[in-house]
Structure formats: C-alpha cells, structure tokens
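Note sheet for the following structure.
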Amino acid sequence: MALSWRSWLANEGSKHLFLFFWLSLNVWLFGKTFLLYNEGLQYYYLHQMLGLGLCISRASASVLNLNCCLVLLPMCRVLLAFLRGSQKVTSKKTRRLLDKSKTFHVTCGVTIGIFSVLHVAAHLVNALNFSQNYNEEFVTLNAANYRGEDPRKLLFATVPGLTGVIMVLVLFLMFTASTYAIRVSNYDIFWYTHNLFFVFYMLLMLHVSGGVLKYQTNLEEHPPGCFNPNKTLRQNLTVPNAFEELFPDYTTEPFPEDLPVPEPFVQNSFMRVCSEEPKFQSHFPETWFWISGPLCLYCVERLYRYIRSNKPVTITAVISHPSNVLEVRMMKDDFEARPGQYVILHCPRVSALESHPFTLTMCPTDTKATFGVHLKVVGDWTERFRDLLLLHSNQDTEILPIFQQRRYPKLYVDGPFGSPFEESLNYEVSLCVAGGIGVTPFASVLNTLLDGWKCYKLRRLYFIWVCRDIESFRWFADLLCMLHNKFWQENRPDYINIQLYLSQTDGIQKIIGEKYQALNSRLLIGRPRWKLLFDDIAKCNRRKTIGVFCCGPNKISKILHKLSNSSNSYGTRFEYNKESFS
C-alpha cells in the first residue's frame, strides 16, 4: 500500500514534526543549561564541590520548569474551546492542532517523569558530595553543617529535601494511575490521583525556595582561582604564644592599600590578585516565573467554570434505551453549544467530587432550548446515576419516556468544550465512522442537519455505524429515518450515505418496526471492508479533500488512520480525525 506523503503530512506528519521539535527544544535547553553551570565562573566553587551533579540537576530543572509550565495549558478547556470557535483561527490545520492537546499534555507529562528521575539522581549525588566535600573555607556555600554529615538529613530534614521526596511520591502515584490498565479498570483511581497536581505545584513552589545552590556575586573583586595575599599572609604567619600573651592586642593586619604587595606575592601573568573574599547568594526561585502564569490561568478558568456551572440544569426527560444506554434531556438558561462538543456532568448525590465527560447528542437551537446526552451504563458512577433517574432501574430493555412527576437529583453541567468532530461540517465531504456508543458525537451532527443543512459547507456525508447487537441501532434509528426521509423529500438522496454493520449475529436480523424499513435495506452483516470502502469514496470524490472522523475502538481507528495516509489514483486526500473512548 503506497504512502502518500501529502496525506501523511496532513494527518500524522504535523504531529510527528511537532514532537520532534519539542524533543529538540528540551534537549537544547538541557544542553544549554548544562554548559552554563559547567563553564560559568559564578559557579566555579560550587562546581568544584559537586562536580557534574550540579550541572545535571540544574539542566534537568530547567527542562522541568518548561514542561511544568506548559502541561497545564492543554487542560484549559474553555480556552481551547474559545480558540477553536474563534473567527481569528481560520486555518483548518491550526484548529486541528488543537485536537492534539491531549497528546501534548501526555508528552509534557512523560517529559516531566523522565527528567524528574534524572533530577532526583543528580541531587542524591549532590547530597553525598555536600557531606564528603564540605568546604571549611567557604562555609556559606555548604548545604551540610559539617564534613561527614549523614546525607539523609539533607533529604528528610530540610525543606528542599523533604518537599522533593513528597513530590516524587505524588508523581509516582499520578504516573502509575495514568496507565491504560488503571484507567480502564478503575477510572476513580485515575481521577483522584490526577487531582494531586495541585499538591504537587504547591510543594514545587516550596521546594525551590530553599536556596540550597548558590552562585558567586563578586566576580570582579574575586575572580575564581585568584590569589589573595592578605589571606596567604594570615595563613603562613605564625606568632609565638609568649608574644601573644605579652601583646594581646597584636593582630596580623592586612596590607594597606597604598603599600606595594611583597615580592613573593606580586601578580604575574598567570594569576590575578583578588581584593576580597568571595560572596555567595542563592538564586531567586525562577520556577515561580515559569509556573505562576499557567497556574493562575488554570485557576481562573476553574473558577469561571465553577461559576458558570453552579446552577443545576432542569431535567426534562429520561429515556432508557436498549443495551444499557440512558438518554438524559435537559434545559439550562443561556446554554449554547456546537455539534460535536461535549459537556461534563456532576451529580453530588452520586459523588461529591467525581464528574465525567459526555458528548452532546442534541444541541440547543433557535427553536428549542433542549440539549441531551446518551450515556452507557458501564461503571459504578453511571449505575448509581441511572438508579437515581429511573423509577425502575430494571426497565432498560425498552424505550420508556418518564412523564411522571418526580424529584430528579440535582445535576450540574460544565461546558460545552470543543472536540475534533466540530470540523465534520466544515468539509465538503465527510466520512464519519462510529463503533457502538461511539456514535454519540455524530448524533449531534445528524440532529443539526435535520434542522437545516444549507448553511454548512458539508455537501455529502458518509455515515458508517458498526454495532455488535441489533438493538443498539435503535438508539438513533428514529433520527436516521427522519434524516433519510428529509433528504429524499428535498431531492437530495445522495447527501447522506448510511451504512449499518452488524458485526455479530446468528442469522438474518432486522430492526423491528415498519418505520425502519429504510434502515433495514442499509443493514449489512459482518464488518466493513475498509479498503474497498475508501477506494469507492475516493472514486466518487476525485481530487477532493475528505474529512475522516472516527469514534470507536482502537482497532478500527488504526485501520482508518493507515488508509487515510495511503495514496490513491484519484487524487483524493483523506484528513484523519479521531476521538478515542476506552
């Protein structure tokens, strides 16, 4: 299968180029800082004491400052949603870069983990060197109190050491809980441990305020390695004890400035004479400059999100669909959203701290203020949420509108936030592939087209939906039928191409109901033949750019990604977009 470099650059090339640039930037910053501390005269005496441990610890710290600064920005969801919807960001490629915000967040996190290990190892060596290489000549330069002091005291009895140990433990918990296995098996662990980031940042600000590493401030008066005649005389001149007893006021005064230095101490071409002792000072905590801005921005955004979502929504309907899927329809004052966006639901009666994102399947319009989500009951949170909403939680096998008067639990909605599927209406041709419950982001797009399609750039939509059981298609069967009938009535039957695939079956099955005949004719048994499907779409849309959108299992995503990067003989280019759920 030939690879189209143009398609590769449009789909994955920009991501790889950015990751290469980011890696190069971190390596350059590490090397630049390493040379500064290795060759800088202001660190001459400290370098003599600590060796390469100083250079590595400071170089890794500079990389950590950069990544701790930027790791929060991809989590500023309101900012990303604003940029995605802003008229100033007109380039589709620029907007698609915003879809990589999660990848950038993970990249910064991994970088923090790697250089934290390097930073910790370097400081362990530094603690040992501070103890063994205690400098009695420059007392203020030492972190240890005396030669041979237990290095563990520097790690557990000082503010920089203790905060560093706690930060290592916090990072370990965050990294282990972020693995795929933990996120899938117990999302709560991931959620709670990831919120320890605030503790990490508070400890980080304390950690850098210790001022353990110092630099020399008077390089002009005391060049490193210079010769101090006053000090040499005081060290070499010995006074008899009897003389000291007879003349207690006798002291070895330094040479007056107007007298010449004795011949043995005259400055030669290889040595400079210094006029005073070296003075050392701790660095100002540069980390504060790095993290204060993003941390304040994130805190302001969280405050804004809290104020925006502090009023509970009005639940207008709760519908139980087949295969453990629950639909919740709501209303909220001044709530606006675009198709493809998602919201975060928080129900205090289910969990005081926990909240979860769900894609909007219905967006408010000019004619209706209702919006809704579909959620699959697969965990403790969704099970408790369903039990609170439904009168009878076991009635999950039929569509059952709840019209009875009852007191629904308070539900808070935060959002909406942007996603890659907002771009599906900005292509002339789009291919939307859904796997199971991954159909939810496309449902809002289909609902929007049902209200009106002429105001959008989209002129042809290929909709592929793969499910394991026949009942799952009933989640949006009515919507698909209405959309199909609408375009037939408007003489645009080619606007939408619907293909439904039933991957597991014991025989010929149909979607029950006379009104679903239009869908039964589009129901296919088995899995899609993706290569033939892409070739057929490319043939029918020669020399066009097609947006490919996928929300489903990783196996399907990888196949579509590979096919989008492949070349074809029709001059058609596929741009791949993906949202993964797992």
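Cβ coordinates are placed from backbone N, Cα and C, and glycine is handled just like the others.
Curation does not apply to TrEMBL; its annotations are automatic.
Quick caveat, the model's predicted, so the values are computed rather than measured.
Look at TrEMBL and you will find 308-423 tagged as domain 'FAD-binding FR-type'. As annotated by TrEMBL, transmembrane segment applies to 16-37, 57-83, 104-125, 154-177, 189-208.
Across 16-37, 104-125, 154-177, 189-208, stretch 104-125 shows the highest tally of CB pairs under 8 A with the transmembrane segment (57-83).
Counting Cβ pairs under 8 Å to the transmembrane segment (104-125), the stretch among 16-37, 154-177, 189-208 with the most such contacts is 154-177.
Panel annotation: around the transmembrane segment (16-37), residues 43, 47, 54-56, 58-63, 66-67, 97, 100, 104, 107, 111, 115 of the same chain, lying at least six beyond its termini, place a Cβ under 8 Å from a Cβ of the stretch.
If you average pLDDT over the domain 'FAD-binding FR-type' (308-423) in this model, you get 82.
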